[in-house]
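The following features are taken from TrEMBL:
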type     : residues  : note
ACT_SITE : Asp115    : active site, 4-aspartylphosphate intermediate
ACT_SITE : Asp117    : active site, proton donor
COMPBIAS : 1-11      : compositional bias 'Polar residues'
COMPBIAS : 1090-1105 : compositional bias 'Polar residues'
DOMAIN   : 105-263   : domain 'FCP1 homology'
DOMAIN   : 1106-1172 : domain 'HP'
REGION   : 1-38      : region 'Disordered'
REGION   : 1038-1114 : region 'Disordered'
SITE     : Thr171    : site 'Transition state stabilizer'
SITE     : Lys209    : site 'Transition state stabilizer'
Amino acid sequence: MDNTSIITQVANPKEEESISSSQDKVSQSNSSLKKHRSRSIFSPFFCCFRNYNDYHVDPPPTNNKALSLPPPPEENGSPPKCDQVQVIPIPSPPAKFLLPEVSIVDYGKNCVVIDLDETLVHSSFKPISNADFIVPVEIDGTVHQVYVLKRPHVDEFLQKMGELFECVLFTASLAKYADPVADLLDQWGVFRARLFRESCVFHRGNYVKDLSRLGRELSKVIIIDNSPASYIFHPENAVPVQSWFDDMTDTELLDLIPLFEGLSKEEDVYSLLQSLRNRTQSKHEKPWTKETPRPSLRRTQHKFSRMMSDDCPDAFRNVGRKPGLQIWTINNMQMVPVPAQGFGNFFEGDCYIVLYISQNKGSGQSTDIHYWIGNASTQDEQGAAAIYVTQLDEYLGGSPVQHREVQGNESPRFRSYFKNGLIYKKGGVASGFQHVDTNAYNVLRLLHVKGRKHVTATEVEVSWNSFNNGDIFLLDMGKAIVQWNGPKSNRREKLKAVLLAQDIRDRERGGRAQIGVVEGGDEKDSPELMKVQNTSVRLYHVFENSGNLVVQEVATQPLTQDLLHSSDCYIVDQRGSSVMVWKGKQASKEERREALNRAVGYMKAKNYPSSTSVNVMTEGGESAMFKHLFKSWRDKGQTQGLGTTYSVGRIAKVDQVKFDVMELHARPELAAQQRMVDDASGDVKVWRIENLELAEVNPSTYGQFYGGDCYLVLYTYQRSGQQQYILYMWQGHHATKDEITACAYQAVNIDNKYNGAPVQVRVVMGKEPRHFLAIFKGKLVIFEGGTGRPGVVNPDGGARLFQVRGTNELNTKATEVLARASSLNTNDVFLLKTDQICYLWYGKGCSGDERVMGRAMSDVLSKHDKQVVMEGQEPAEFWVALGGKAPYASDKRLQKEEPPHSPRLFECSNQTGQFKMTEVDDFAQSDLDEEDVMLLDTWEEIFLWVGNLANQYETKEAWNCAQEYLRTHPAGRDPDTPIIFVKQGYEPPTFTGWFNAWDPHKWSGGNSYEEMKKKLSDAASLSQITVDMNNLNTSAVSSGGYRAPGGPVSSPPVYRVHGRDLSPKPSTPTSPSTQRAQSSVSVDQSPSSGFTPSSPAGGTVSPSAGGSGMFLDPELLVNKSPSELPQGVDPGQRELYLSDEDFENLLGTVRLDFQRLPKWRQSDLKKKAGLF
């Protein structure tokens, strides 16, 4: 049998070009290849029957009887002559149809027949370097390798087809090739049936797919194929596609999804397909040829959208499916697109609809629809926005997640779309105001800027009464934008405000506005500390009864996925912090339509504030946040076939991989998924906590851990030519609290010894991470109790039983269990150690690799003779040592695989005086805030990332918060999950691999606020701006004066900007705590002015030490090299230049108590505060 007779495909034009023109070509009539189609994508509607409409052939009847069709092409590929019109008889329906009865799951769905080769994949017997699959095929006793390439977006296409249709794979290739390819391709079990060459009708040298033999009503059948000859009997049912070979930029499958979404709703597919033909041919007065080709799919896609819904809003017709952001505003109850230059500007009197399509790491997309409610919008506009959101959701197939957003309380995901921040503008049609012209220069407004990660800017009254000391304000005067920084605003907020000012300049003023920065004075701080609030999650079934909304509680946390039924709708309430609505696919259309309104009604019934976040999602389109509320969530398509996916010996399946350390370093995402920083070949040093101090462990006993001890394991390895460190803190179950505390304290000392470089990992006994197992090379033994201290004799309990788990040196450990027969398990290897002998017991379910590792482990645990005991052949002495026979787990256990979970990033901060955790959506490296502690949850591990500028309180509280996070997690997380402490600049690949395009030089080369400010001042200064604040608001103070933020009334200031001071100067004396360097202004203007701002006043700084001298801002002293300090500051006594308040905040003690401490303790406190 020839290779080409296995696979039926069109010829690759690239391969044809390589054949010499002098070589005789084999007639296509003697080959099994499909006829190659070289015309444009829509020509197959007519390509085989060019004058199809000229023959006046009506759409076929639905009774499956024979019909008249134009003739097929001749076997040499030439079109028929016009006078050769003839009738092609379609075979009568067979006594037995090709397909079984329609299943309950697919009842009511249309049927789509999908081709394989050059439609979904391209296969070749020639090696392909980037092949997705390699399938062995036996031909005449010889096994050949078939290399298979997947067409771009095929996974998303098939997943969507499975949701919309009863899908059938129908290929003219042989089953011995096509069936294994389908197994690899169909991850979701989309194909209800698979038909191969033997199901085709051989007609005039072609394998034709006769749709009348399927056993389905033809008016409900669609075929998608790249070869017109394949559907020659039923061209009216065809959706043609272009033959695909290796173009990885191809988007045809993705572009066809809207058409199929429309076809899935049609009772009769002929009407829509015929309408498409009519619309397409109406553009051409004569048949299409190479000289007058048909329009391409991209140009005709607009027609698809228009045919999908006759009553859809006009705005929907321009909805694209490419990743990105689209925004509409509601104007006179109509959706009006917002231009891209207006993105991020929201008028308080309006409502908006925001559509965001994101590309997932795989090949699929996720879609979110938000409707935003302005504080001054009317009820009518809010209702119109809600209706449009529902219609848009239906238009997009019901897959998007819906979100309700309220001005000032937007979700983190919504804010993440606008990297430079949100601007709330006064105005809007409904409120009676006029929209502000963003391109005009006659602007005078004051923007109140808030937020450290996602910034919002609200227009407020241009008055000094609008200012406060904790925030930042932008005074926008059209040609000049002045940024005023409140004294309590932090560096991150200042940087974000600068970026927002630049965005206003570039987007609204064409880059021609000038920017100035003013530093405000200082005021005392009085934060209020609060602990993290736990959230109680409840699940409610929502339905209507006699016109009344009924909310019935189903369960509380931890929730399980099986509580959700496809025929119903549910509400997940996180105690008012957010309300999530889940719509089952089998729920009635009315229930699905009213889901959002019911959520709002529920919110009102519970008396939740109107700002409560409301998210609506459809079954199969759940957000990562929603999934994390459930224990062991499993997505559709995550399993193969019916039921739950299991694997025997999960560790064996995952871990039999030879680690290439260079690949791990080159691909941090692989290191993150494997949870291995390297191949565990680095250096190891182990200490034990003895009398609360460190005691080195003899290397001969490395790998032996006792449950009554605590250990510190320092692992050293090389990465990019530099030494890296991991410090494991192993805590035994029976260790005392003092030992556990001393373990953490000694870890800090070791960390300081290595200048903060080690990554610290908390390991609870029995929860050892994978890399920890690997560094002991298959010799890790965990004793239930006792101690490994030299000279201490552990109580002799007689026989000791150890359970050995693992398949190689990278994943094996032996754990002591109770020496009773009930501890045995048929799936594992056990070592029974007695005074005279060591029994090596092999359960029936253990693998050969596990037996090999058990034998190696027996040499570690015992020097006595070893006796192998097979399960069921135990000698009497074996049972005597275990105290007699007893029942044990004797069924072969299939280990349930842990489903994958999307990583989540949280910001931990007490910047507002309240310790809070805020989730960061669609996180990237830029979201790691140097001033905060970030928590990264990868499910199997918790990372605590500490920025260089994070304060001590946040660092200390983060440990407690991580443990509380695990304890209160709605999915019932294991509280002993490893917690890994990572410092900025020392991130291991197991951490960086969770971030796309990690830049190790980001913080060394990125722009800080000071650098950004300096960059502004380097541009030039404002020539002169005069703003009379009294004229801006003469009613601010009745006496004609003004009140500065936090200050008394004084005479109205006049801002005169000459490249220096812009800040108001209150006339009252300043307190010692506010005597700091004078405020200055930085400006941004085109460099043509030639102005260079003057430097700060010179002179040296003398220490105050609590006296009346000048104090310095901590930002000038903390974490600065000697060369970066102000002139005259003693690098070894930076604390002398702090005010009493700053001294106590940074060092945690008052000056007098500090001076009484020993020198080493003083140095330790100064190091931690960044003053050393």
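Glycine too: its Cβ is placed from the backbone N, Cα and C atoms.
Structure coloured by features recorded in TrEMBL.
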residue	record	DSSP class
Asp115	active site, 4-aspartylphosphate intermediate	coil
Thr171	site 'Transition state stabilizer'	coil
Lys209	site 'Transition state stabilizer'	coil
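For Thr171 (site 'Transition state stabilizer'), the spatially nearest entry among the recorded positions Asp115, Asp117, Lys209 is Asp115, judged by CA separation. Distance noted between the C-alpha atoms of Lys209 (site 'Transition state stabilizer') and Asp115 (active site, 4-aspartylphosphate intermediate) is 10 Å.
According to DSSP, the secondary structure content of the domain 'HP' (1106-1172) in residues is 37 helix, 0 strand, 30 coil. The average pLDDT computed for the domain 'FCP1 homology' (105-263) is 91. Most Cβ neighbours within 10 Å among the recorded positions Asp115, Asp117, Thr171, Lys209: this distinction goes to Thr171.
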